[in-house]
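Participant: Submitted below is the structure of interest, expressed as structure tokens.
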Amino acid sequence: MASQEEASPAPSWNTEAEGSTSADDDMDFELAESTQSGMSDDVEEEAGETTLYFDAEEGVLRDEDGDEVDFEMGTESSIDESEEQEEDGGQEGEGSRTPQATASTARAQQATQTITITQQQILQLLSHAGIRGIFQPTAGATTRSQARRANAQHVELPEDEDDETPDGEDDDMGDAYLGYGARRRRARRPVVGDRYPKIPSEEGQKLMASGTFGTNDRCDHTACGEPFSDNTMRKRRKLARRMLDREMGLSSPGRQHALTSLATQDLIPTSAADLIINLNARCYSGQFSEDGSFFFACGQDFKVRMYDTSNPYDWKYYKTVHYYGGQWTITDATLSPDNRNLAYSSIRSQVCLANTEQGDDSEPRLLDFSDMGTGGHGYGGGGGWGRSRGHFGIWSLRFSGDGKEIVAGTSDQSVYVYDLEAQRSILRIPGHTDDVNAVCFGDKQSPHILYSGSDDTTLKVWDRRSLASMRPAGMFLGHTEGLTYIDSKGDGRYVISNAKDQTCKLWDLRKMISTDVGERLNPQDYTTNFDYRFSPYDTDDHTPHPYDCSLVTFRGHRVLKTLIRCHFSPPGSTDGRYIYSGSHDGKIHIWNLDGTTASPPINVLQATKNSRPADDERYVDRYDYYGRGGVWKTIVRDCSWHPSAPVIAATSWNGWDHGLGTCTVHSWNDGLDGDEVGDGAAGAPRADVYAKASSLGSAPMGARVTAQLQHDDRFYGAQSAAQPTAARRTRLRDRMGLGGLFGGEGEEDD
């Protein structure tokens, strides 16, 4: 295996200052269980009968209609003017999101609305732990491991001589609350050159021209040697023309095969949804089987639902399996190559293995990954390798190509390999300094090469034939925040990764950094202490990694709030032409290999907006209180391209403040908003049209169904954007004592 012997900073930029602390972060299940710091809050001003909601993701306050509201600061005689100026100055200097002054909200019905709030009320509001953690300008626990080490308790920032305050600013935040395991954000480092690689990428264009990723449209030339005109080439690119040329057989067999590939790789699904499956829990992952015969979706309710997709346009529900005793959610699932077994995990060291055959009602069996065959702890006699007597959480799972092994990434900073025949883990690689969020095999033919992506910002390559020293065969450096997902092309060469620095990167195994070079570097020297649970990523704070060895960097999506996933497009339906990813903005982003967008993003948010009544929030089990503001939101956490049809299925957090979930099916339809079937294809859907259809395949686009693919009339009624604010106010007053803060303490809510 070739590796890069030397690594040097990219020549296009230089940094003028060094030093930072580790910073990656992730949604932390322990924080939600032990505290309420993730809570977003709504407050009420009794005089104007105005209810406000804090949108923590955007850092703004909104009213009941979802419009942004800013404040005009009032004064109180008890507050000295100089102290008030000092407080305001300190907050502005630290980049606080505390409402400052003098902005007004534009509305269609009324020109402006200004709400006056006193300084004392703002400070009283910030004294509550949940809101205070959001408004502080510094990060909380940037990773799950940091939160656990801090025992999920509020901590104060210790004195740090290296942190310097810019001249002219008073730093009075030394003893302030800074969240879980907080670290003060260092001064922004100046960067000379570009913060991100240019688009289009020259390296990516070479890959596209090479034929490794898809087929190229090479035009024939006329007898005189002149190329065809642009108008002629546009006609040749049309699907009908390609099919005509292929069926006429005017070219060689190779050209006919190329015409088929060129036709399929242009069939990119659109935003209009063929099917909207409404789930009563957040949907964390979902994938088609390799042959496209069925689809599975994993929810936060610890259920995995399976659907027969032999006809990708006519789904049939057939089975649900459970993870009994799971913690927080089902984190990942993987299907065996023969499609007979599905392994799925939670934040425990046990993995469930379920039979996927229709009619099989047997209970899943537990695989104890902590069992190293030496006795000890764990349900199966675990070897006690993991943290807390052999017990740890599993974030990622993958079957090997022969179906005999499962590799897992865990919360004890390790990679485990489980042998299904031996019924125990046969290998543990303690190769990272933080949670391992993603793992995969390098190719399907050999189980020797493993990839692991971690919150320590590294992607490491492991060769199981040379693990005596437990050192990686090499590593990929370039991300500046923790990795959320990795996917292998399956050829033993190319792999992609998503990370919390809002980038997706393509890597080539031949260009990895050698272990000797990589281990001399601190992979966390270029992080920003960004806490993506509460606020968007600041691209102006991004410093490019000087040892970035990636081929292409893809941008435009948002990796926030949860572990967003990315994938290579399948060779069958797309000729392996694209990279695609879910996104926090409710879209599926699709890129060419040169980093340019292949098509407009698939807008799952728009396709599902108001697709279920607001009172369905009753199904939400109050997993957390983050971001609640009565606004329809969508986070596409995972997406899967059908292997043989132009169909993409997106699994999302969805609904009013994305407390629920959906699985949506999007297909290529040549840009149309509807189809030829039924009366309710476009515009407002009608329940009777769908109810009379003999199957989902014969129903119009946009069918809205339950998890069992049953129609529900409530999904087709007129949806109101108004939220049940009374219940939300009651929750806040009961949990945080905010009832009297804005004058509504004595009011009764139903």
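Including glycine, each Cβ sits where the backbone N, Cα and C put it.
So TrEMBL has the following annotated:
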- 1-22: compositional bias 'Polar residues' (COMPBIAS)
- 1-109: region 'Disordered' (REGION)
- 64-91: compositional bias 'Acidic residues' (COMPBIAS)
- 96-109: compositional bias 'Low complexity' (COMPBIAS)
- 138-175: region 'Disordered' (REGION)
- 158-174: compositional bias 'Acidic residues' (COMPBIAS)
- 394-428: repeat 'WD' (REPEAT)
- 429-472: repeat 'WD' (REPEAT)
- 476-510: repeat 'WD' (REPEAT)
- 573-594: repeat 'WD' (REPEAT)
Participant: Can you break down the repeat 'WD' (429-472) into helix, strand and coil residue counts using DSSP?
Facilitator: 3 helix, 19 strand, 22 coil
Participant: Summarise the repeat 'WD' (573-594) by DSSP state, stating how many residues are helix, strand and coil.
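Facilitator: Final tally across the stretch: 2 helix, 9 strand, 11 coil.
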Participant: Per-residue pLDDT averaged over the repeat 'WD' (476-510) comes to what?
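Facilitator: Value for the repeat 'WD' (476-510), mean pLDDT as a whole number: 95.
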Participant: Which residue counts does DSSP give the repeat 'WD' (476-510) for helix, strand and coil?
Facilitator: 2 helix, 20 strand, 13 coil
